[in-house]
Amino acid sequence: MSRPKNQNYKGHGLQKGKEREQRASIRFKTTLMNTLMDVLRHRPGWVEVKDEGEWDFYWCDVSWLRENFDHTYMGEHVRISHFRNHYELTRKNYMVKNLKRFRKQLEREAGKLEAAKCDFFPKTFEMPCEYHLFVEEFRKNPGITWIMKPVARSQGKGIFLFRRLKDIMDWKKGTAGKKLTSLEAQPARNTVNPSGSHDTRSSDDQKDEIPVENYVAQRYIENPYLIGGRKFDLRVYVLVMSYIPLRAWLYRDGFARFSNTRFTLNSIDDQYVHLTNVAVQKTSPDYHPKKGCKWMLQRFRQYLASKHGPEAVETLFSDMDNIFIRSLQSVQKVIISDKHCFELYGYDILIDQDLKPWLLEVNASPSLTASSQEDYELKTCLLEDTLHIVDMEARLTGREKRVGGFDLMWNDGPVSREEGGPDLSGMGNFVTNTHLGCVNDRKEQLRQLFRSLQGQKKTPN
């Protein structure tokens, strides 16, 4: 159980074994009234706890975590949906700092070739503290396009593109050091799921609120891969159960998010051309939710294979695997790896014309609000499989390489796709145990998995 530390603590969460066995239900709590609530309420043996009731499982928002984590006692069995300092990866400026540091570390320890595997994020400067470094870089490469992003906002708010130094000078005079209002830092409210429930918090990815607004200035990818003349990015889901040792799962499904307007560099002020966020696109005058602003990753992978062949697609998706692992390794030593914590990250990836993937950002609270029935089904399955891996029911053995739509890609080292394969990625025909954009026969896999686990329980050792 969990309980605030400042209350009269009498061993909550450390009940005797017999008492624990008698309590069959798992008490959950969440502040998110979206697809997640639907999944939690329909999970057998799980009961909702409201207000200050004691809980075993809490899918919280990042604001609750910041205000309460350090003051809450959690028993051995309790699980919570964020790592304490998740922002080391999910704040844009911290993510870049950690990746730059990790790249330098790799260059010292393993050489430039290994360090080059971290070259998957555009040249970036934190503003205003690296303003003079940015100006120096800007003058070396005049005429290119840059994109300015606030480090702690979501839904495309505060983002703008520029090519003139005057634009950034005006920004520095008028915006640097501006304090965020609570309204600016929080997502929109009162959206509705296909299930009919209202989402009061996460209509899009939640971000940390910070007292002073910082930005990152990032070199804009001017040659994005286009489909039908439109720009898109990919949303991919990675589940981390532990940082020490690093244990990470990759979900097979995800989606491509398209802009509503054909791409051009002639109108850098048009957000409908350059920003693919659903929150931005749905404000477009000609937006229609059924027009095709999202593709499932399986469709996207098939499209690329038909255009470029399966070998090129395998290389692209292998490069994305590298992004997931290297980014997690970059924060492995700074994230507080509390055994009570897990995290479902939403990775945003951009593909350029050379089929090179670029990491745009990592979201600590990827939107769980559905924009269509297909989106609702994806997120429902994603959350169900996340709960299977968190395993509050203690059904798994810990040796599983696949659970539903999740594949174990890293377990204190790379995981081989084939049984009996080598343990080191530099050996032989090693193929990482990932299947992003492949067939997701999760229902059949779960049926076989739990039947096998049930059989193991019945068989005496």
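Cβ coordinates come from backbone N, Cα and C, glycine included.
Summary of the site annotation: Swiss-Prot records L-glutamate binding at ARG257, LYS379. Screening the candidates LYS294, LYS307, LYS333, LYS339 against this entry identifies LYS294 as the one listed for that site. The secondary structure of LYS379 (L-glutamate binding site), as reduced to three states from DSSP, is helical. The two recorded residues ARG257 (L-glutamate binding site) and PHE232 (ATP binding site) have their Cα atoms spaced 5 Å from each other. For GLU361 (Mg(2+) 1 binding site), other Cβ atoms within 10 Å of its Cβ number 23. Other Cβ atoms within 10 Å of the Cβ of ILE221 (ATP binding site), summed over all protein chains shown, number 19. GLU361 (Mg(2+) 1 binding site) sits 14 Å from ARG219 (ATP binding site), taking the CA atoms of both as reference points. Of all the binding-site residues listed here (LYS149, ARG219, LYS379), the one with the fewest other CB atoms within 10 A of its own CB is ARG219.
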